[in-house]
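The structure appears below as structure tokens.
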């Protein structure tokens, strides 16, 4: 049987590593400063659950005057998606979850991308082998004369090899991994769930037995890199999803093997659909980028996910970032699964939109967000490029819309005329076909003579209603249908004023002509 030191030399023969020196086995300069981390894998779109994890880590760091660290866990090269790292950075910045240390900004404990830390992990794997807590395990081909893609392998520990076999396997360059020797797991304390003990006969224990810490390609597994990095980066609190509870027994034993003090663990409850099923990463509406594209504001989404698994104990669910930081506490995290009810998100977003539109500074930011969407959708209209016009639309419709995408839909009639057949059907349900031409003619004549503003338009509508002995509401509905179709909007006088005199005249004349069986061949577009 080989000594542990001989086993460790195998790693040295494959990788250029040196004795652990700078990366001391003891935590350097232990500090009471709270340090949390968000450690996503660049394997695709950021999920709602991941964003919640980032938020809670950010909130706890800021509440405690600590540091929020971003670390990219990119050791799974097969699942890595090109560009996902940039998408993660972009989304976090969109949500103003700015990291204090990490990629781009740097920091004292970098690099912050795990693929750039391979030698560090190999040094620590070497140490575990030397102390007997890890061992090399070869993948040996099952008796065959030719090795190809169909060849089957079985694992054999280097402890069970003779010197001759070790030399043979090394000369043939058989792949091998490094495995960690697990001991009987002990209960651990979680800040959310309290004392957790996993039964010795459970599936989690079986899957944890002597798990791989260094893969055949030289990359560490998630569990190993996670522990090494959390220690070296002085992480004090690990706040992550409930699905990582079974893995914590592996992590704690790794800490113990190195003689390190583990950080405090807080596991967040699962996110579930209203039917109780687990929220899947494959669900499009669970992707953060999809929600942004749908026109939800970042601050509304953050408020929404903050209420999942955490109790603010406030009367209002409306909690902007400053209040979230002030109120957040780990002891208010809940144990039960959190239902993702998007109705709440619509409610919150409507309130955030209304507040943003009412705030002079935020309104300008909102215009910058909305304008490109309008230009793309209504590129044929010069109005889509007019920021002052967009501002007026936002102010007019601030109480009507839940999302920016809904705003895009509602403002359609400010850029294009609605379907004429639909309009005729709508107005005919209000007023007889015989009366309509007379009323439309009166409206056109009246509008031709007035000064174009909301006040004058209101007076004109009252006069028209009196002249035709009709309720004012009926005249207002006639104009709403005739100018806007069946889309909702602001006050009709404000809407008419904002549409503009020429547009109103053009659309009413088109409707009048159609009633006289003189329908234009093409719809009017403004």
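Glycine residues also receive a Cβ, built from the backbone N, Cα and C atoms like all the rest.
Among the candidates 181, 240, the residue that Swiss-Prot annotates alongside 37, 38, 39, 73, 222, 223, 224, 225, 226 as binding L-glutamate is 240. Between the stretches 15-23, 24-32, 42-50, 51-59, Swiss-Prot puts its motif ''HIGH' region' entry on 42-50. Swiss-Prot assigns the feature motif ''KMSKS' region' to one of the listed ranges (268-272, 273-277, 278-282, 283-287), namely 278-282. Of the recorded residues, residue 279 (ATP binding site) and residue 39 (L-glutamate binding site) place their C-alpha atoms 20 Å from one another.
Of the candidate binding-site residues, 37, 39, 226, the one lying closest to residue 278 (ATP binding site) when CA atoms are compared is 39. The highest number of surrounding Cβ atoms within 10 Å, among the binding-site residues 226, 280, is found at 226. Most Cβ neighbours within 10 Å among the binding-site residues 37, 47, 278: this distinction goes to 37.
Among 37, 38, 39, 73, 222, 223, 224, 225, 226, 240, the residues given in the record as binding L-glutamate, the maximal Cα to Cα distance rounds to 17 Å.
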